[in-house]
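What follows is a short report on a single structure.
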């Protein structure tokens, strides 16, 4: 079982120095603390090598002799309203000295020995931590018994299973848990003595309870000695001392059973040498601090024992909270005035809620919230905690960064970041591995959750370690013990960590606390729970989900103050909690899938008594799942049916409701939002919609309205929900006359032909007729229209044309999507702001002279322009560079038809109006995927070379078909009117050679390099291996973006007045420079990338690692395009397609420094890596 003590960052030097000064100041002015400083002579005596455990304890307790060791709340006996004698707590503490503790232990050991209890017998313990509990625990060590502390919140079945396994001779129970103890004793024949502690015969109810137990045992025929601990003490003081136990260091002395939070409890064995270590070491701090500790954590939990023994090992005083339910916590701690506190998250929540409630009551006009908050923190620090806390930590479960920050600001001390486990003891402190006791460690891949030691920027995996304090195993569980050690003897912690540096680790989560949702996202539920308990409305939360669902649910227990405030209006509470969770998620930068979509409001807190919390007040997930699972699954079903009904209702009512209402409701239903939260001016992409959810939305709207609503319309930056509604209205009323996929090819076509793509299906007959006699093109190009100027290649084409035209007073029109010209201009300007001031300044200087940005959309009729602007372009433009397209390798042809096919027809319409305007058209190598290599010719008629195309789900099938269709239409226009056309079919357009930060972050190459850097894994080869299994020479067809733009401008825009030419813009060199080479270069440069020999294993691991990335990185990775890597590529050294025409044209136009197509260089690939880091993509 793992203990996690905070996850705060390493404290700042300033805070550490402040604490050191404070320690000196407080100790010098506080006689009580000064008297509790550790003594070197005692420390040295206790830590002498090879001391038997009993001798360690004796030296410690006798060494500090008359110092106060244990503090218990003082009380008196009073008469209650019913006339019975009860206990009333007094506002003070009484203490037991170290010497008295040892004497108590000697007496109890003598009494038990006289009753036949021997070295090696087992003693079950059940109760809240107290002076009596500590006394009988030390007594057991003195006698040589094996302590078996039981969790008070465990079920009878769990307790009895442990008792059956351990067969204790003694059952020690506090009076509070006596009935539960007897239930177990009756089922445990080995018990000969029932020792009752924290018992006061003067209290009527306690005396009656003890008498009832004796009668119950007698009636059951059990001959068991029932004795109050006080009676044993009195008896034992007059008896001879018990013999010393075995000094064998391996003799068993303690079993700590796991909480069962992940399954059946199992007992971690603590032999004498390991228990001695607990008495000798102080774990969380090396500071010499006089220790006044607060004890409330159970002795069945390692943290409870560390708190007690850590205080005693330094000569301090361990004070106990008086009530097991912690109801007196703040009253007690104000009396104790501790110097050290080890918190658990539940107690931190109590402190925060106390602060929040006081803040809510104190809000007043004229004073800032921060001033009031600071005043309250000072009061809590000085009064509630006594003003002398010098050291603090948080244990048993992760604490959110927000709560950590709150506690540090409250206490003005760093909250120690420690990590350890019941099995391994202390492991690290403040993120730094503790050597000793740790002797070695390693991280191991957790592929099913996407954690790998090759992850970047830090290795991640399950922590495995070896330690001097490693437990020897689980009691009577050899198979289980074997399972938690690997073949090399490392203990499997079950915890995922990141290695920030050598011996510097960061806890991420428990392997078993990570959920995988239906869409592949990994969710660390304990971290989410820690974050959400930072809400001022949330007392407790249990986050729930499974791999069959794409979203989370939760059970939320509101704070008592909130429940009281909304007792009369419970329906108003849930929306407030939802808003609060949303705010927490926003502040913590959580992903949308990490926010519970719905939750159950539970008014009864999770408690130890209900079996939903462990003794350490950790959530018991199996129990919570058993308790709430059926209701949560019903809530999932209810939400699914509600969504389906909403969609059915939308379809039924679409004819009678306003289109905008239906569009809004459909978006809300699809994304699981409330319609009231969606305004008409919100864009689908701003709601978190990506291309796949936009495709679902497109299909949903088509089913409802029976009209096409392309993804391009939905995801357009210029289109909000109102614009989508207008598009639908235009389609329904017939106002929209643009052709669609269905009208050109047929609704369910799976094969499309060039013969179907005729201009008369797109353009008016009168325009086509007039085009035959339109004025010819001019060779003197002064005005150029560029579409897609904010795209990857488009930006370089705009810049290249500005550089050509600005010196001669020419002009560049850039058609950019946007709500207006100002918004469109801002979108274009933004692409040149990559962090390279040279590029930004160069662009702005040229743009000021010669650029005009026009807000429009080539996918709309008349390019989305007014008639006035359209006519102006028809008259003024000399050349059109159509680089714009909806580039998406996932969407089908039908979704790309509007922007990429009908949009090209709109470009043709402008090109043949008023006078011919040569068209430079950017196509893709993707058109070649359905043409046999032997039949593919660079400059032949595409209508003949590829007369028909298949529609399928192959990689980029839709995009390749849409660009092919554009080529067909341009061929038609050339035949009709002699339209001059230059087609450029690019393969991969790489980064700019010089400008920093200029990457096409959405293309498959950038995604691939980013993904290799993030995952740190690559195949032995991306290509097919030879017959001997060796890597083969291969080639990557990539051309830098700046050279590509320069080539297109020089070849496609200079002296083009007639003809139709096609060029394959590839890198044709037989140079052996391939994806494998790029990985070589990255590794040589120091990037951590491990190669995996088996391609399928690499792919599976690569995919898992990508799915485990944070949402933003995952979306930017190659994961959406992973289909292209489903098998190794053929190893071809050189271009698979002809490039003679392009090579000749580059040479004739003298493009670049040498008039030759460049190779891909190591410098460019390393620039990719640095640019990816510059842009924050890794």
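Each Cβ is built from the backbone N, Cα and C atoms, and glycine gets one as well.
Taken from TrEMBL, the feature AMP binding site covers 301, 396, 417, 418, 422, 495, 507, 508, 509, 510, 516, 618.
Per TrEMBL, the feature NADP(+) binding site maps to 790-793, 817, 827, 857-858, 883-885, 923, 959, 963, 986. Cβ neighbours within 10 Å of residue 885 (NADP(+) binding site), excluding its own Cβ and spanning all shown chains: 27.
Averaged across the domain 'Carrier' (654-732), the predicted model reaches a pLDDT of 77. Look at TrEMBL and you will find 654-732 tagged as domain 'Carrier'.
Feature annotation from TrEMBL assigns O-(pantetheine 4'-phosphoryl)serine to 691.
For residue 883 (NADP(+) binding site) paired with residue 422 (AMP binding site), the C-alpha to C-alpha distance reads 63 Å. Shown are the binding-site residues 301, 516, 817; of these, the residue with the fewest other Cβ atoms within 10 Å is 516. Packing around residue 422 (AMP binding site) is summarised by its Cβ count: 21 other Cβ atoms lie within 10 angstroms of its Cβ, all protein chains included. Of the candidate binding-site residues, 790, 817, 885, the one lying closest to residue 507 (AMP binding site) when CA atoms are compared is 790. When the binding-site residues 790, 792, 817, 959 are compared by Cα distance to residue 516 (AMP binding site), the shortest distance belongs to 959. Counting Cβ atoms from all protein chains shown, residue 959 (NADP(+) binding site) has 23 others lying within 10 Å of its own Cβ. Across the structure, residue 301 (AMP binding site) and residue 959 (NADP(+) binding site) are spaced 60 Å apart at their Cα atoms. Put simply, residue 857 (NADP(+) binding site) is 47 Å from residue 509 (AMP binding site) when counted between their Cα atoms. The domain 'Carrier' (654-732): residue composition by secondary structure is 52 helix, 0 strand, 27 coil, according to DSSP. Taken residue by residue with DSSP, residue 959 (NADP(+) binding site) is part of a helix.
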